[in-house]
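A short write-up of the structure that comes next.
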Amino acid sequence: RMEPQNVTNLVTEFVLLGFNYSLKIQQFLFTVFFIVYLMTCLGNITILTTVITDYHLHIPMYFFLANLAFTDITESSVNTPILLSGLLSQHKTVPFKECIFHMFVFHFIGGAHIFLLAVMAADRYVAVHKPLQYLTIMNREVCLGLVTGSWAGGFIHSATQIALLLPLPYCGPNTLDNFHCDVPQVLKVACIDTYQTELLMVSNGGLLLIVIFVLLLISYTVILVKIRRQVTGGTHKALSTCIAQIMAISITFIPGIFIYARPFKTFELDKVASIFFTVLVPVLNPMVYTLRNNEMKKAIRRLVSRVLFSGER
């Protein structure tokens with residue numbers, strides 16, 4: 001490797017290698033992921049619209065769910081179009097500044113998404129352990145503060161990643177073995193030893209994911225134990241909601257931990273994990289929350305009825 005003082009920033013664009021499949025396979029994958037993207041937008045926009053328009057859902061849990069749906073839409077819209085265009089054209093090129101901006105937005109939204117999941121776990125914890133004081137504790141100001149804090153946390157996380165990347169000299173080769181710009185691949189293009197930077201990146205991203213994931217699992221375990229001890233009419237409903245959120249955090253955190261919580265070496269499963277983390281999770285979340293939540297399903301049916309029969313007057 002070259003010494004940093006002797007290197008100029010020669011890389012002005014990156015080449016995304018994407019997928020090396022036959023044309024027919026890539027066309028098939030394009031169709032599949034295009035349908036997934038449409039389902040993501042439809043599912044999450046339905047959740048957003050339902051929560052906003054149905055006064056029955058104007059409680060903290062659904063306020064957080066609406067914010068989560070917003071992160072799903074935006075995160076998918078940041079990554080899926082790049083995946084789709086890469087499946088139609090081999091070796092897609094991305095200007096250096098655009099690549100950096102993409103990583104900032106992606107990690108900003110992704111970070112906010114992770115913190116929102118933690119907020120939703122805290123909300124369920126309060127609902128189960130302090131049911132009588134729930135609406136007093138989780139009042140409007142607290143909910144707004146938690147959501148604002150989630151976005152602020154995502155911003156700090158992303159800004160830290162970019163601040164570590166920008167000072168590095170990049171002299172090629174400028175190929176990124178992925179379908180979108182991301183930290184592990186970009187860091188490999190640097191012309192200097194990046195071991196310390198990788199440690200900082202893993203601490204900022206991977207370690208954060210592991211700590212939050214473990215805390216969430218502990219929190220939900222405590223909630224499940226509490227729910228099972230209760231013999232009330234709402235036990236089944238609370239249990240269903242809790243299980244749905246455990247599923248949601250698992251499908252979000254496990255691929256993310258695989259990508260960011262280890263030294264940035266190339267593995268064959270990296271692209272699969274990236275697709276799962278960036279494209280499939282946003283479409284799975286609305287399915288998990290709507291299929292396991294009777295109140296949400298009833299509200300969606302009310303929304304559909306209003307839309308279909310609003311003109312029949």
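We number each residue from 1, going along the chain as drawn.
Quick reminder: no glycine exception, Cβ is built from N, Cα and C everywhere.
Noted in TrEMBL for the protein shown:
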DOMAIN    43-289  domain 'G-protein coupled receptors family 1 profile'
TRANSMEM  28-52  transmembrane segment
TRANSMEM  100-121  transmembrane segment
TRANSMEM  142-166  transmembrane segment
TRANSMEM  207-227  transmembrane segment
TRANSMEM  239-260  transmembrane segment
TRANSMEM  272-291  transmembrane segment
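Counting only same-chain residues 6+ beyond the ends of the transmembrane segment (239-260), those with a CB under 8 A from a CB of the stretch are 61, 110, 113-114, 117, 120-121, 124, 182-184, 201-202, 205-206, 209-210, 212-213, 216-217, 220, 223-224, 227-228, 269-270, 273-274, 276-277, 280-281, 284-285, 288-289, 291-294. Only sequence-distant pairs (6 or more apart) were considered; of these, fewer than three Cβ pairs between the transmembrane segment (207-227) and the transmembrane segment (272-291) are under 8 A, so the stretches are not in contact. Long-range neighbours of the transmembrane segment (28-52) within the same chain, counting only residues 6 or more positions beyond its ends whose Cβ lies under 8 Å from a Cβ of the stretch, are 19, 21, 58, 62-63, 65-66, 69-70, 72-73, 76-77, 80-81, 83-84, 87-88, 275, 279-280, 282-283, 285-287, 289-290, 296, 299-300, 303. Mean per-residue pLDDT, taken over the domain 'G-protein coupled receptors family 1 profile' (43-289), amounts to 86.
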